[in-house]
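Let me begin by presenting the structure, written as structure tokens, before commenting on it.
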Amino acid sequence: MSGNTLGTLFCVTSFGESHGPAIGCVIDGCPPGLSLTAADIQGELDRRKPGTSRHVTQRREPDEVEILSGVFEGVTTGTPIALLIRNQDQRSKDYGNIAETFRPGHADYPYWQKYGIRDYRGGGRSSARETAVRVAAGAVARKWLSERYGIVIRGYMAQLGPLPIPFVSWDAVGDNPFFAPNAEIVPQLESYMDELRKSGDSVGARINVVASGVPVGWGEPVYDRLDADIAYAMMSINAVKGVEIGAGFASVAQLGTEHGDELTPEGFLSNNAGGVLGGISSGQDVLVSMAIKPTSSIRLDRRSIDREGNPVIVNTHGRHDPCVGIRATPVAEAMLALVLMDHALRHRAQCGDVRTATPQIAALAPEGVQAVPSPRAE
């Protein structure tokens, strides 16, 4: 199996399966001199770990990270950083009934057809369990980006199933299990999930992520565009079926006069581009939104086939998230951090000495600033 590495200069290679002894990753390319301890990583892992509320899987994993290499006396050395998270609460017997069958909507069928072998225990390599190591690696990237550039990466749930979640305040995000930016809607979300869990079904979600403080110039103009790499990274997250940058698909209904982000000496007047123009960061907030499909493993009867191609009825009795989107916010934040970290190093290597006479304008102009009207053609 190939395709387990993300990045060009800041490279992260993950390994491990849902019910194996451990999962982990190797980070290659982290600059030396970054102060780093397990505690710096653990805080992010705790935001993602399972069993934290009744609305997520009840698999109890402490997700305690071990730093095996690349750090000496609390400082990165520039050598590969190996991170390990041991699995402690596997319950493989729950999956015996799907060993010979394929769950609809899951990776079971294509995995079997591609490799001729499949670890059916918890989905094996296709399980969202693997995202824990992405969060661990992302914590390293976030720390460097924060200390070096003051970049802040934050995410929140924008929609749970049919329920949109109006943004009110970042302060509310950390105070509820949904990462919802609106405290008033949390009881409604809880009631919805309680009924969903009783029904045995699952539901999707929409997650928004914002990176503030990203300098102008990161990204390449053709194949390695910053927005292309962000979309690639987000689409690699389990269950993600769509990604938007900035206005995204709403751009279809906009006019050019509405979509184009005008510039003034005081700053940009809007951010429909989501902080990326021509594949290169503009200095505005990088805005990303992703759609997550409903969990494929559900307790309801579904039609499928077995290995011989015979029709069967499948239902799954393991411990699963009825909505994987509930724990996806830290994962999305981590993936954005990894992409930004990689492009930061690439930009520094190629264009770190470039200077222009044009001043960098503010990400958003102060309220009330208007663009100078275009001169009328005679």
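Just so it is clear, glycine is given a Cβ too, placed from its N, Cα and C backbone atoms.
With a cut-off of 8 Å between CB atoms and residues at least 6 apart in sequence, the same chain places Asp63, Thr131, Ala132, Val135, Arg327, Pro330, Val331 near Arg48 (NADP(+) binding site), listed in sequence order. Arg48 (NADP(+) binding site) carries a helical DSSP state (H, G or I). Feature annotation from Swiss-Prot assigns NADP(+) binding site to Arg48, Arg54.
Within the same chain, the residues at least 6 positions away from Thr295 (FMN binding site) whose Cβ sits under 8 Å from its Cβ are Ser202, Ala239, His320, Asp321, Pro322, Cys323, Val324, listed in sequence order. What Swiss-Prot records for Arg125, Ser126, Ser127, Asn238, Ala239, Gly278, Lys293, Pro294, Thr295, Ser296, Ser297, Arg319 is FMN binding site, and it gives sequence analysis as the kind of evidence.
Taking each Cβ in turn and tallying the other Cβ atoms within 10 Å, the top scorer among the binding-site residues Ser127, Ser297 is Ser297. Neighbour counts were taken at the CB atom with a 10 A radius for the binding-site residues Arg125, Lys293; the maximum falls on Arg125. Counting every protein chain shown, the number of other Cβ atoms lying within 10 Å of the Cβ of Ala239 (FMN binding site) is 21.
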